[in-house]
Amino acid sequence: MVRFEAVGLRYPGGGPHTGSWGREALVDVTFALPQGSFTWLLGHSGAGKSSVLRLMHLALRPTRGEVEVLGLRTARAKRASLAPVRRRIGVVFQDFRLLPYLSAFDNVALPLRLAGQPEASLRADVQEMLRWVGLAARAEALPPELSGGEQQRIAIARAVVHRPALLVADEPTGNLDNHQARRLLALLREMNRLGTTVVVATHDEDLVARFPAPSLLLQDGRLHDLDGARGIDAAEAPAWPGPQAPPPTSEPDGAAALDTGSAAVSSSGSAAGPDAGGAGDSARGWTEPPPRPIGRPERRLRDPWDG
Amino acid sequence: MARRRRYSRDPLGLRRALSGLLLPGLVCAMALLAALALAGAQGAAALAERWQRGAAAAVTVQVPDAEAGRLQRALESLRAMPEVAEAQAMPEDRLNALLRPWLGDAPAITVPGVIELRLHDARTDPVLIGDRLARDVPGALVEAHGLWVQRLAALARSLQAMALGVLVLVAAVAAAVVAVATRAGLAARRDAIEVLHGLGARDGYIAGRFARRLGLLAASGALVGTAAAVPALALLADLAGPWVGSEGRLASLAGLPWPGLLALPPVAFLVGWGTAQSTVRRWLRQLP
Ligand SMILES: Nc1ncnc2c1ncn2[C@@H]1O[C@H](COP(=O)(O)OP(=O)(O)OP(=O)(O)O)[C@@H](O)[C@H]1O
Ligand SMILES: [Mg+2]
């Protein structure tokens, strides 16, 4: 699903054309996330959370090492082969990145239109998604006419409307109040429950405590071992670094079911989770993700905004 | 609904990012120049053609003391030469009419006989004809105004080449203008392009949106420019009618280079489309 292998990342320093490169923003980052997992990405400001996420949604390529996303090894992949994989990834940015001149409806419809879905079938899907985030009435509003929280929900709707295989959120609760943040997290857990692999970067510890799940902790561009378990890079681990194996969040109210103990696993190749299915997946290398649930959102999604 | 319809044709908001009259205005001016150059090229070509075909082969021979025998001998010897296509004595009344302004009605002055020649090849050296003729008919003179006609034709041909050069230059400037406009649009929509790129839009999709918009802007400018050029060109063609042998308003209107003029808007579209495509694709390569 997502696999980082001794990834190093440098940003160009001193302007794009000077040819000089800054220090490594990520150093030897190695981990793997199984299909259908929910993972927190934690770390202080500047630790490299956004950088990891950018590598995951193919906004960057690693300077060294290998990043494999949805079966594509991105380090040396042809540029044209990235676009189809991007279409299977949903991204929620802290600053939303909505197109200000398009209505809420058109913003949410973007991924479907890029995928070439015909207008007739697209309309129902988008309206359903807008209803899901509680903004059906504002479909024709432009983003600048919406509140921050409403824009946030439009951004979420856009990220999940095409039922991505991987959902990546970079500090999605950054400018939401507690209540809204919890509702947002419930949305993300719901997506996860339906089979989407979810990665959320945050430094909101309250939120993590409320929704315990396996986490990766970054410090200064390195993966930090939470429980003193050996890091994968140090391990004489199998050729394929074992992923952490979070219990599938199949229980409807995902968050409550998870115990904090299993959530503390981080980047540990040796520690297979209690769930053998996940580990078995990893041994096979996740070449083929299991089929994603298909169907209209209205039949599969509960509306957390209903209260 | 209006907003929704607006989307499907314009997901990048290019109608607002690439609007205004600057680009169509510039292309309009360049289409005008191109139309002028087209008409110039055609006019020069027509002149060169006419001069070379009509007058260029005409060489005149003067035969002094043109009592019937000498003139006849000169004609026979000229007609026997392989490079001569046609030799004709100028009728006396026409000759007199030609000379009257200078000589008046003075029967006392004996005028030379004049023979008009048409040569197979305008490049034949008339001096050689003169030398051979002088052996048979001493005193006969060959007058070769073909030389200056040739120079005029050469001038017309270089004018034509220059007009074609102007066309190429105009197309190049148009491409440069479109490239600048495209860069402005890219800068204005940088965020939107990055969002679409991040959502998995292919380069061809984004470049296609820009190309279509800029192609249409260029074509509309060219359409206006060409339409504006037609009356001016028709007037010029009307004035030039006597030289190129067309008579009347309608004839000169029909004599405009219509295929070229009608091709200007589509060509402008292609220049705009192609320039935008390559500019946007090159720009997109900086994104991962
Ligand atoms: N575009 C960039 N150009 C150069 N350096 C960058 C760029 N983006 C990030 N960096 C550097 O990379 C390092 C990691 O940054 P990153 O944005 O990944 O941190 P972060 O964990 O997301 O921080 P925050 O919590 O503040 O968002 C930082 O030292 C930062 O200065
Ligand atoms: Mg960040």
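Every residue gets a Cβ built from N, Cα and C, even glycine.
On a predicted model such as this, the values are computed, not experimentally measured, just so you know.
For the ranges B:25-45, B:256-276, the feature annotated in TrEMBL as transmembrane segment maps to B:256-276. For the domain 'ABC3 transporter permease C-terminal' (B:166-241), the number of residues in each DSSP class (helix H, G, I; strand E, B; coil) is 71 helix, 0 strand, 5 coil. Residues belonging to the domain 'ABC3 transporter permease C-terminal' (B:166-241) score a mean pLDDT of 92 in the model.
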